[in-house]
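Enquirer: Here's a structure for you.
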């Protein structure tokens, strides 16, 4: 199996554009004006509760890094506390309870259709990976837990990509793998014909537990695609030549449905100018640098902080020194191995956190960082800002990306842009 870390390291040895040495683009696309807006929807199959330690555990595994033992134990501790809280509430009130799923913004997904006739699945658009994979009719039934599946045999336009397979290894040694088909793939009216669709033969238990997700649409660079013997182009790379502009944008929201735009930049979604910064091409991720940070009303600390803008990662992971400086200003905050990260009394007042993109500044509201309660009855909250120690890379996840209107530009060389936008109340 190939891990994302293996691909990251190997790609550092290749000082070329991320689009070289890849198969030709598909040129049969229904562009419908060359632009499309994709609105997220709230998936009714969301979990009854969100385990924040599991979010950190998944981030380690996603990037091919073994998670520390204390994080594994923290997942179990929080699961146990949540189940005890649910049982206690049901016993006391006679009805089940849950942390409202929209409190943690994990149930928002994008509907797509695959094949002829179209099969609808709910997928996550993920700038931190480059595989378009789905639960399928080939996935063992004991690895499917409520997900919708893609059945290639029910599509008249599906074709097996003979001899091609895909395989991803995660940091705990588990993995997902499968076979590859080409089929019509449509998001929001934008159709790519003969898009590579990676049908799962095996899915890790981590992904089986994600009942709200039927798979991923990777929007990283195609150089990171794990199909072998020949890497396949991502949906965006297949669509790029037929879009009005070679861009897609992310307008993620706090406790609300966000949207993605392909092929254009909607000026109504942001204010002022878009500040662009260079993408470090060789890794294949949307890797770039922040220009510094500040905590609350403190002075801005100029510092180059390299990391990945990843819409598929929930939290914001930064160097330990920065995270420590932040939580030093939160009464009662502690770096808890029991809970797998920084926690604090839910009643504590949190400061804002500001990050820089070149000369522009973006302030994350304190409410975004007061991420979630440990359980429905807990008075302890988990922070949306956590240390990247052990990961080997900083991750600018949704907690940060919700603060800005973000432009992913597929120009050569690629670049990423951030703009101020109105925030949800």
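Every residue gets a Cβ built from N, Cα and C, even glycine.
Dumping what Swiss-Prot says about this protein:
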type	residues	note
ACT_SITE	126	active site
ACT_SITE	310	active site
DISULFID	346-381	disulfide bond
DOMAIN	108-419	domain 'Peptidase A1'
CARBOHYD	184	N-linked glycosylation site
CARBOHYD	273	N-linked glycosylation site
CARBOHYD	370	N-linked glycosylation site
SIGNAL	1-28	signal peptide
Enquirer: Compute the C-alpha separation of residue 184 (N-linked glycosylation site) from residue 126 (active site), stating it in Å without decimals.
Expert: 20
Enquirer: Would you mind reading off the Cα separation of residue 346 (disulfide bond) from residue 370 (N-linked glycosylation site), to the nearest angstrom?
Expert: 8
Enquirer: How big is the Cα-to-Cα gap, in Å, between residue 273 (N-linked glycosylation site) and residue 370 (N-linked glycosylation site)?
Expert: 29
Enquirer: Can you tell which of the recorded positions 126, 370, 381 lies nearest to residue 310 (active site) in space, using Cα positions?
Expert: 126
Enquirer: Just the number: how many Å between the Cα atoms of residue 126 (active site) and residue 370 (N-linked glycosylation site)?
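Expert: About 23 Å separates the two Cα atoms.
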Enquirer: Would you identify the secondary structure of residue 346 (disulfide bond) according to DSSP, in three states?
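Expert: DSSP call for residue 346 (disulfide bond): coil, neither helix nor strand.
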Enquirer: Using a 10 Å radius around its CB, how many other CB atoms surround residue 184 (N-linked glycosylation site)?
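Expert: The Cβ of residue 184 (N-linked glycosylation site) has 21 Cβ neighbours within 10 Å.
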Enquirer: Taking the Cα atoms as reference points, how far is residue 381 (disulfide bond) from residue 370 (N-linked glycosylation site) in Å?
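Expert: Distance between the two Cα atoms comes out at 7 Å.
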Enquirer: In DSSP terms, helix, strand or coil for residue 310 (active site)?
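Expert: In three-state terms, residue 310 (active site) counts as coil.
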Enquirer: Residue 346 (disulfide bond) has how many other Cβ neighbours within 10 Å of its own Cβ?
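Expert: Total other Cβ atoms inside 10 Å, all chains included: 15.
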Enquirer: Looking only at the domain 'Peptidase A1' (108-419), what is the mean pLDDT?
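Expert: That region's mean pLDDT is 95.
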Enquirer: Least buried of the active-site residues 126, 310, going by other Cβ atoms within 10 Å?
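Expert: Taking 126, 310 as the active-site residues, the minimal 10 Å Cβ count falls on 126.
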Enquirer: Tell me which of the glycosylation sites 273, 370 sits in the most Cβ-dense spot, judged by other Cβ atoms within 10 Å.
Expert: 370
Enquirer: Helix, strand or coil at residue 126 (active site), per DSSP?
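Expert: The residue in question, residue 126 (active site), is strand (DSSP, three-state).
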